[in-house]
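Structure first, commentary second.
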Amino acid sequence: MSHQPVVDTKMSEEMDKPLISHRPVDSDGSLAEVPSEAPKVGIMGSGDFARSLATRLVGSGFSVVVGSRNPKRTAGLFPSAAQVTFQEEALGSPEVIFVAMFREHYSSLCSLSDQLAGKILVDVSNPTEQEHLQHRESNAEYLASLFPTCSVVKAFNVISAWTLQAGPRDGNRQVPICSDQPEAKRTVSEMVHAMGFTPVDMGSLVSAREVEAMPLRLLPGWKVPALLALGLLVFFYAYNFIRDVLHPYLQEGKNKFYKLPVSVVNTTLPCVAYVLLSLVYLPGVLAAALQLRRGTKYRRFPDWLDHWLQHRKQIGLLSFFCAALHAVYSFCLPLRRSHRYDLVNLAVKQVLANKSHLWVEEEVWRMEIYVSLGVLALGTLSLLAVTSLPSIANSLNWREFSFVQSTLGFVALVLSTLHTLTYGWTRAFEESRYKFYLPPTFTLTLLVPCVIILAKGLFLLPCLSHRLSKIRRGWEKDGAVKFTLPMDHALAQKTSHV
Ligand SMILES: Cc1cc2nc3c(=O)[nH]c(=O)nc-3n(C[C@H](O)[C@H](O)[C@H](O)COP(=O)(O)OP(=O)(O)OC[C@H]3O[C@@H](n4cnc5c(N)ncnc54)[C@H](O)[C@@H]3O)c2cc1C
Ligand SMILES: NC(=O)C1=CN([C@@H]2O[C@H](COP(=O)(O)OP(=O)(O)OC[C@H]3O[C@@H](n4cnc5c(N)ncnc54)[C@H](OP(=O)(O)O)[C@@H]3O)[C@@H](O)[C@H]2O)C=CC1
Ligand code: HEM
Ligand SMILES: [Cu+2]
Ligand SMILES: [Fe+3]
């Protein structure tokens, strides 16, 4: 929505009047005279939402009249500047009427349809999940069907009563708006703006169903990645439990259960982080391989790959989260009592065995290097995480963004791989490291990243990179696409989401 004054002369009279929060400024800089009569807005219903809305509207310079079935009982709950009266009386002068009632009570307004004729009705309702599934038409479309002479606008349903009352200082400021009457939509948009929110035009009233579904979604796009991370956590924790705790207990009768809270977790978390990171960069490689094989970029990827590509951000951020936890756990390793007892016991054993100066040069170097590589990997990952914040992403052009995400992300994957390899060293080849024939955990995680690194290397070979960049500029192996376009189009529509 633009911040400029609206020039359209056909604008409703309501909006020609200045609002307090938007006082027009004269050319000499002083405030223009505020007219005595503020634009009048009606609210049907006296519930939580109606009260918050009235408070906010009054604060933004509107004059509010509330229509209630029982004004005596409810008047005390509203700001004194708001007029609370019977439903039919509230409908008289305002051009814009908010319907702050639940869907099942809309029809109770039908007796007032004569007074409502020609007015703008704002539907603020939120269906429950059940209602949303039960009704094929949105609440707003239902309201429009009850009052065909009114202009129905869907707005404010994504804003909670609490946010309305507290003002848009924190939380989401965006208010999606849709309506079949552009004029009515503009009037309400200006009101949204005057109340300190940002109107987002969602088009005609058929979008109302989508707008009503917005508050029902919980962290869209995170479900599959979160389940994936959880699955990996459970798998690796169980695997490490068997190797590090169960095996010593069953085979040697040793009690190593103290490892459950820190040690086992700190073997699990890095493996999850590392696998998730490789799963961020695997689909890009698969996509490139598919394009090379098909010889065109104009055929859609299979659904699963399309989905995977779209969820990389969430998978990547979960990977970063696990890696950060792994780093903190690693710093804590030497703080533990168990660690000190182990050290002292080792020292005592050495003294008894009359050994001195235990310093294995190779072990020292290995440790110095893998810790350093881990720190570098985490540092690179945190750059990716920072640039994924919308405010920072918006300040980068797409080349800068894709440099950080694609190139530095790959660098992070390589550093993590070197970190894991130097940590693992020769352990993968020592028989004593195999517990119940299970190889050390890190060996399980190395396969996919190594495939990715190899593939990326292959794609750099002149013949392949040349062909790939030709394909990405629209070149096609002859006959690659011609006959599949119409079907692809249907597919594109079917799968376009997120
Ligand atoms: C902590 C963290 C945060 C993340 N945050 C985000 C985020 O905010 N947003 C987001 O989208 N992703 C995010 N990701 C996911 C990931 O970083 C990006 O999806 C990244 O762009 C993937 O890079 P890619 O090279 O695998 O894939 P793409 O950049 O999609 O490329 C796919 C393949 O095509 C090649 N390629 C691409 N374009 C061209 C071209 N024009 N010419 C030739 N070859 C080309 C690439 O080399 C690659 O092989 C995040 C990841 C992590 C770990
Ligand atoms: N609460 C919130 O945070 C949000 C609410 N909404 C939407 O706002 C609308 C109102 O919600 P909310 O204020 O929380 O609900 P309430 O139950 O608190 O208020 C509903 C109001 O509807 C009025 N009403 C009119 N006719 C009837 C009737 N026949 N039976 C019962 N009540 C009637 C009542 O006012 P009276 O008795 O004065 O006539 C009542 O106060 C809902 O559609 C909701 O989805 C949307 C976003 C957030
Ligand atoms: C500040 C950053 C980091 C530090 C200090 C660090 C430190 C460590 C330490 C001390 C270990 C050995 C754990 C043990 O003894 O059980 C380890 C293992 C490991 N780390 Fe890191 N690391 C860091 C970052 C990362 C990152 C970013 C990744 C990958 C995303 C990663 C992946 C791994 C893996 C896979 C292992 C092997 C786990 C196992 O099988 O035991 N680390 N790291
Ligand atoms: Cu999806
Ligand atoms: Fe219903």
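Even glycines carry a Cβ here, placed using N, Cα and C.
Taken from TrEMBL, the feature domain 'Pyrroline-5-carboxylate reductase catalytic N-terminal' covers 40-127. DSSP assignment over the domain 'Pyrroline-5-carboxylate reductase catalytic N-terminal' (40-127) gives 37 helix, 23 strand, 28 coil.
What TrEMBL records for 271-415 is domain 'Ferric oxidoreductase'. Across the domain 'Ferric oxidoreductase' (271-415), the model assigns an average pLDDT of 93.
The transmembrane segment annotation in TrEMBL covers 224-242 (among others).
Residues or ranges marked as transmembrane segment in TrEMBL: 262-290 (among others).
Look at TrEMBL and you will find 315-336 (among others) tagged as transmembrane segment.
Sequence annotations record features per position, and here TrEMBL assigns transmembrane segment to 369-389 (among others). Using a Cβ-Cβ cut-off under 8 Å and counting only residues 6 or more beyond its ends in the same chain, the transmembrane segment (369-389) has close neighbours at 277, 313, 316-317, 319-320, 323-324, 327, 330, 396, 401, 404-405, 408-409, 411-412, 415-416, 418-419, 422-423.
According to TrEMBL, the feature transmembrane segment maps to 401-422 (among others). Long-range Cβ contacts of the transmembrane segment (401-422) within its own chain (Cβ-Cβ under 8 Å, at least 6 residues beyond either end) map to 270, 273-274, 277-278, 280-281, 284, 316, 323, 366, 369-370, 373-374, 376-377, 380-381, 383-384, 387-388, 393, 442, 445-446, 449-450, 452-453, 456.
As annotated by TrEMBL, transmembrane segment applies to 442-464 (among others). Outside the transmembrane segment (442-464) by six or more residues, the chain places 239, 271, 274-275, 277-279, 281-282, 285, 288-289, 292, 410, 413-414, 416-417, 420-421, 423-424, 427-428 with a CB less than 8 A from a CB of the stretch.
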